[in-house]
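A.B. asks: Got a structure here, written out as structure tokens. Questions coming.
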Amino acid sequence: MGVFSNLRGPRAGATHDEFPATNGSPSSSSSPSSSIKRKLSNLLPLCVALVVIAEIGFLGRLDKVALVDTLTDFFTQSPSLSQSPPARSDRKKIGLFTDRSCEEWLMREDSVTYSRDFTKDPIFISGGEKDFQWCSVDCTFGDSSGKTPDAAFGLGQKPGTLSIIRSMESAQYYPENDLAQARRRGYDIVMTTSLSSDVPVGYFSWAEYDIMSPVQPKTERAIAAAFISNCGARNFRLQALEALMKTNIKIDSYGGCHRNRDGKVDKVEALKRYKFSLAFENTNEEDYVTEKFFQSLVAGSVPVVVGPPNIEEFAPASDSFLHIKTMEDVEPVAKRMKYLAANPAAYNQTLRWKYEGPSDSFKALVDMAAVHSSCRLCIFLATRVREQEEESPNFKKRPCKCSRGGSDTVYHVFVRERGRFEMESVFLRGKSVTQEALESAVLAKFKSLKHEAVWKKERPGNLKGDKELKIHRIYPLGLTQRQALYNFKFEGNSSLSSHIQNNPCAKFEVVFV
């Protein structure tokens, strides 16, 4: 009959010893055995419940939350113990179906021990040198010494080793640096000045350039200085220099092209004395912004740019530079230079960022270099190793979300700061999966960890700010920095919700400013 056959109490016409009754039903007031029988009958469901719970605990088939659910369902369905189940509000009071218990369960069920421990088996890159002091993932560079590298510089690598190209030169001079061409040639990892490359290697950094150094008096009679030595550049910079000179703008030229001043000077110190600096690149290529531009910022000399079409993305403020996009722009730019040179108040506005601080967008860009490109390469490779393991059919199946009864769903996502390797757990409620809720949850998580932004030790003192974290961008892990900083955004909360639902245990990166 099964273990639950007697939950309904004694059958009519039988004593508790199961002998047929004679002379009708015995009187309850005159039969002690009937009283004992009723008490035992009431206790029987409790005994059965304890047996069931013991079995469940022994087999380890249910987690703590499921065990509570089973117990609740059993008691609420047994009329001898509870005739009416507790209301949902009461369940919350006694700890049932809570978000907290879901989070604890997800932390346990979603935890993973990866097969490769990078502290014991670091990322290994053949060639190059370890030119950083610290990295959030263990990584070594050098000769192979019998070990198969994770990656190596150059083509022709053995199976299992990814090939890397790294260069800070323009793709117009070195076509192999073009992202599409590098892929066609067989490079797995591209490291160039392009923010669309796998691991960008830009000219900018807080460590190399004292960008926030104070502005010095402009003492030179000429209002602009030029340092141009390659007179055969693949753009119109030489023509632009000549055209500016023809507009009666006095320019001191220290380079090999139209030199009229001795070039044996400290470039940055010389630029500090001029109101304008001709930051003319040798090619007009997206993201190709060299020291010419950043040295101008250090000097507090307004850069006049010939170069990348997206130079505004590299500027500390929208009015901090002048841009000659084509030869047609020379005349209006010259007119603007003359106006600013003659109006101190207007000119000072172009350097306002030196006193008030650059834009968050500029800080987010330069902060990327707070982690050395070689370390970012190691993080890129280690992330790839883990992603490949996660895609394996033998990888642990994780729930990544939790709902108890009719309560709201709790989603488990993972977030790390750009420039770091390990992920942190963040939980979102299904009814409030919004961008605002995601930012709030991420801030709360990292604040609870007393997290220090990766750029904290690199920025100049007046830009380090207080201990409060501010989010500039949150984006799905795996985007390029061009996508992350400029192109990507969720198209509303429904887009974010769909991403989380379609990507169990979704991973994100956050950029703090």
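From the backbone N, Cα and C atoms, a Cβ is placed for every residue, glycine too.
Here's the feature list from Swiss-Prot:
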TOPO_DOM  1-39  topological domain 'Cytoplasmic'
REGION    1-34  region 'Disordered'
COMPBIAS  25-34  compositional bias 'Low complexity'
TRANSMEM  40-60  transmembrane segment
TOPO_DOM  61-513  topological domain 'Lumenal'
CARBOHYD  ASN348  N-linked glycosylation site
CARBOHYD  ASN493  N-linked glycosylation site
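Map the listed features onto the structure and describe their local environment.
C.D. replies: Mean model confidence for the topological domain 'Cytoplasmic' (1-39) is a pLDDT of 42.
All protein chains shown were included, and the count of other CB atoms within 10 Å of the CB of ASN348 (N-linked glycosylation site) stands at 13.
For ASN493 (N-linked glycosylation site), the same-chain residues lying six or more positions away in sequence with a CB closer than 8 A to its CB are VAL433, THR434, GLN435.
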